[in-house]
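Per Swiss-Prot, these features apply:
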BINDING   328, 329, 330, 331, 332, 333, 334, 335  ATP binding site
DOMAIN    703-778  domain 'Smr'
């Protein structure tokens, strides 16, 4: 493809319009390198990707990938055995996160058939182990203490030393307050110092680090603090060395995967570019064109992408039509129409949507050539005509039957008669070699050429005779006409002068009258066509509205069913609470035995409806997210640290990467990071009472509620107390942990309400403290 045409059509400015919709630097890089191609299959693949992205957005309106930096240089540094900086590791961490999210998104994608994008999604790799390791660096770029035992130890020592240093300074501050200009601890050269009055500088033993501008205050590091600060400085040096070692270790883990990570970045960048194309298409009301099997083109309501509020025009370039000649005066929009065709074709062959209506067709040309604008060369001392002709000669040498040529004001810049003759001769040569060409001209001689010559068609830009302004409407099949007499008359030129001029060009006046009639017929046909299009658009909008209403109705119905189920459950809960009160009163009257009470409660609980709706698509989908999966981010309950699941082991155990450490965890020892966002159904679990060795206080049992959801915990607690009563337990332990306090408070509330609980309180500090509640039954 000739580079010059991309400059003349300002293709770079068109590409800039896609920038706001991009989220990744890799997508930006791919867009920057984007140029027209002549491979029909590849262009069709681009269009298929775009259509599939549109289908994704129908189901997922907010599909996004997240901001990604270009990691290509970082991967090159890894290949050269260099270690990555914290910032580079953060960028790789983000890449791993987005890769994992893309894999999960694709795994959960429903109701969308993908072909082209399927290949992209399935090539994206997830790296849970690497993702877990890089949790050692938080999003602010801080290396966490759990990254290594050594770093944690060093930071603990630093904290202790800093505390001791502050304590010592506070003591000195109190003892020598009389010698200080201010009662505060300052910092100079990274050292903690005291602001001492210069007159008392010898009263405070230590090292002088600075002096105030007035000289009245000296900043002294007390001698007693020097050794502490030196130890602290050494520890800070050790911390930096350990962080460097951790960065090296993380880089070593990434190094074998540099190629895969680079490939992931490209795949995500390409998906981002496809997403940007779709968003541009929606914002600009653009469309994916159909690719013709031949060289025919059909642009429906085509607009120039770089013009504010452009006039939309139709263009039909049949396969057997070789040349379209746009005639008429300047400033009517001929050049804009020429560029509109050129840009539509260039954008389409670059895999971009075009600013035209759905149903538009484009061809695939091996070469697109143009001679547009003023090409005068001062350096070569060439005239405008010579410059244009030099370029035209080069185009004629290169073009063939698989080319598209655009000429603006062909033959201009020389004697009108000679220019018109040259223009006709050039167009005739292109017609004979079957090279699709669109040319603009203001030479009237070319109108006759367009009428008399086969496979050549005239066209023009419409002119409003009332306002004396161009309408920028493209009139295909109608040659341009002169409006000089009408304009002169309306501007006030004497009528006898206008008539005398018309008499001198009587023949041309007749031609203009015929052209005017053709224009009128064309305008009427266009109005009828636009009316038909409006009706079609109204029908399309109606169909979309009906579909939207149906979807909203279905969604509302599901919501109402959920609401009804919740209301029913609330009613049953109230009934259960009331029954609990009644049964308790009966028990106090000794009218029922404990096992009979529990059996009655069980029968009442059977009245509770299932919480979930089996037909509810929303809850069905949420259910899929409930089970842990390899690559999920987790929070380890015991440490409160974040990690990533590596592999599933037996007995519901998982291998997880937390910082640089691998752990084996049970499913109840961690929680999924996004668990709170997911709708889950409570599982029915049998509550097992674990008897402990009898003590002086009688048999005891223990219930562990850590990691349980509120409703699940309350169900298990209720069943547990029932079982304890049946087993004549006098005391039970309920382990709920500290956490957010929600379960702990709920346990207390339940025990206060239960008539069979005599008393309860937190366990001793050595037996769980506020993380465990001991209840006495009776």
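Each Cβ is built from the backbone N, Cα and C atoms, and glycine gets one as well.
Remember, it's a predicted structure, so these values are computed and weren't measured experimentally.
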DSSP assigns the residues of the domain 'Smr' (703-778) as 35 helix, 19 strand, 22 coil
Excluding its own, the Cβ atoms lying within 10 Å of the Cβ of residue 328 (ATP binding site) add up to 28
Quick note, residue 334 (ATP binding site): same-chain residues at least 6 apart with CB under 8 Å of its CB -> 326, 328, 408, 440, 461
For residue 335 (ATP binding site), the nonlocal same-chain Cβ neighbours (under 8 Å, six or more residues apart) come out as 372, 408, 440
Out of the binding-site residues 329, 332, 333, the residue with the smallest number of other Cβ atoms within 10 Å is 329
